[in-house]
């Protein structure tokens, strides 16, 4: 039973209950402690536990002193540090660099329980507490910042996080295999800084003499800081060599040391992946958070199951390729059904499985048979700009899995809420999966991610053509209508991605007009560390082709592009008007059927509120000026004749009041017409 399992120790008291005097490893994390396989800390801690190690966890320590870092004492082998499930800067700030209102990985969504650049801060505090202790860093923040990288929040190139953090070793990607190898080495007396032979890790060295395999040296930190072309070249190599079969060791010099990335770990096979997900997770947050309002992040995953990891979709703004790889790995049906049965026994389960997916829900096997033998193709994409002829398009296994979950006692409905690659669905000649998806697995709205319609923008995004999306929508609507259901597609859209000009944004706005869709939310492109899209954002160069690319960077232009996607929203009227005027598309301003907005000075225009307010202010200013002139004229007559002066003054003021009253009536009419 789930209730018979135990959380791992987070205090000395917990250690004492287990009869421990010390931990072998202590994990320090920026997230709350949630013992669920959707969280890296839970997976790594349970994997180490399964291999016989004693693991303690320090979640969200107070970084203003060293005492929290000493809570569990000095570990026998090493501290393992991660910032949490997200990069701490992405977790804290919006794309506009404004502080977010909530941290979903903290108790009650409370902000401020982890520092900016948490990995670096935690390592520094551990060094203060235990100067010579071994420190191994990992997780998304360390993984995506393993090379010299552009940092959007400081608008500069930063060093590898291995250098900045003063850690001894960096594990990148999914760390189940390397952490066990690293643990065995530490147990055998090897210091972390001397572990140079484990795949899926990065280390620092003063000499390259001991690297016996072939390696590629990319431009140094010093070079990429001062030369954007060299930055783009380095980025290309770093991206293309992330393959466990054909990838090479990558070296980048930082000062008098070299940061060495070993070849990626091979993807887990099905048996290995099952072993990871079958570990005794508690499937919820630590009970110490109950009185604090719980941890919101559990709500999205508590009644969901992970089917796969890795993605050959290879969107250029996504971190998955650099973190999980392009080769899809999947769990067995038996492992997933076992977990679903456990979920049905959870206290708050109402019969609904919220998701069966991964980075891309409908990917269950590698893109083709060649990937496992030869690796993912270098310089070629599986789905972009079109589906590769060697692609093994097959939904039968995923369909069988969904059917089996539907039959589990206690399950009323199974939804698919992870991303779906609609181009992969459309490439399947068998419509059975599509039909059953629409019939059984859509919770009213099916969310997919076309992101844009401009061919130029889609090219840099690594997304399929807009025509593919249109065909998918038409087919979805046809099946939905035949089933007599009311279900809708909700497209995720992105503004201001590198390559997007105002003209591209207008093209998307016209498309939204034509399909009569008005998005409530639009995501601005977020330049997160390590991705090819971020490289383009920083350098203005496509690292794949080394050609220049237009990049919308100013806050104002990004606001205009975003506003165009929500052109019907009155608060964006002036931005849309300015964008259309600047792009020479005033044909879209007016009362014609194809116009996006009305003319600014159209009295029937409900959008141009600022324009009307300005005209109102001008009218009131005219009244005040006329009244002032009348008063000045009255002063000149004062003293000639008291009665005459009074009469003149009274007449002038009465006139002013009368004119002001008429003007206010006029303004009231304007407000009513608006």
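Easy rule for this one: first residue shown is 1, then count along the chain.
Note that Cβ sites are derived from N, Cα and C of the backbone, with glycine treated the same way.
According to TrEMBL, the feature [4Fe-4S] cluster binding site maps to 311, 315, 318. Packing around residue 318 ([4Fe-4S] cluster binding site) is summarised by its Cβ count: 21 other Cβ atoms lie within 10 angstroms of its Cβ, all protein chains included.
Annotated compositional bias 'Polar residues' per TrEMBL: 618-632, in sequence order.
Under the heading compositional bias 'Basic residues', TrEMBL lists 658-674.
Sequence annotations record features per position, and here TrEMBL assigns domain 'Radical SAM core' to 296-568.
What TrEMBL records for 607-674 is region 'Disordered'.
Per-residue pLDDT, averaged along the domain 'Radical SAM core' (296-568), amounts to 96 for this model.
Neighbour count (other Cβ atoms within 10 Å of the Cβ, all protein chains): 24 for residue 315 ([4Fe-4S] cluster binding site). Taking the mean position of the Cβ atoms of 311, 315, 318 as the [4Fe-4S] cluster site, the remaining same-chain residues with a Cβ inside 8 Å of that point are 313, 314, 316, 317, 319, 320, 321, 359, 360, 462.
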